[in-house]
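As structure tokens, the structure follows; a few thoughts come after it.
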């Protein structure tokens, strides 16, 4: 079992600021560096993964599109969506990529179960689904044995922008969110519960709250 998993709660932050900081954190970390999770929300943005195809961007309109270095195709981020960026030394943890994905999916399934929502993963389409509608997306990059990017859970947000794309490359894929499934919820409580489930499913001994922002990685 690993030691503490550190969490930074960064609030609403520009996507590209977070992305470039993730890259610098990953490229600069030593073998003894602690693992971190950054909890954020983003202003509206579409992100296109490495295997993304232009035809899946239907009508982006005034929402910016950012080409990024994670796996997968196009997705949407916006306020009311809880994003967790996982900067983990997966080589030290002993996880393969498929194992890591499964652990993240199980984290989300357990979190949703806390709210009485039954969710499941799909073998051929990473993410978490409720009655066939996608409630959480995953996208990772592994570099030098360390992960970055992570997960996005739809909590209480405007889902309309998902209709401007084929989410994750699937035409007509229905999207849902926790507030539609469980009623009124506190965003901050979801974040706290996600922290606990990540520590459990990623086999850490405990969690730690990290202070300070990510300006150190500018």
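Cβ from N, Cα, C; glycine included.
As recorded in Swiss-Prot:
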{"type": "ACT_SITE", "residues": "168", "note": "active site, acyl-thioester intermediate"}
{"type": "BINDING", "residues": "70, 71, 72, 73, 74, 75, 76, 77, 137, 138, 139, 150, 151, 152", "note": "substrate binding site"}
{"type": "DOMAIN", "residues": "31-206", "note": "domain 'BPL/LPL catalytic'"}
{"type": "SITE", "residues": "134", "note": "site 'Lowers pKa of active site Cys'"}
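Recorded residues residue 70 (substrate binding site) and residue 168 (active site, acyl-thioester intermediate) have their alpha carbons 12 Å apart, per Cα-Cα distance.
Distance between Cα atoms for residue 137 (substrate binding site) and residue 168 (active site, acyl-thioester intermediate): 8 Å, as a whole number. Note: the CA-CA distance between residue 72 (substrate binding site) and residue 168 (active site, acyl-thioester intermediate) rounds to 7 Å.
Classification of residue 70 (substrate binding site) by DSSP places it in coil, neither helical nor stranded.
Neighbour density for residue 70 (substrate binding site): within 10 A of its CB lie 20 other CB atoms from the protein chains shown. Taking the Cα atom of each, residue 151 (substrate binding site) and residue 134 (site 'Lowers pKa of active site Cys') are about 13 angstrom apart.
Maximum C-alpha to C-alpha distance over the listed substrate-binding residues 70, 71, 72, 73, 74, 75, 76, 77, 137, 138, 139, 150, 151, 152 is 16 Å.
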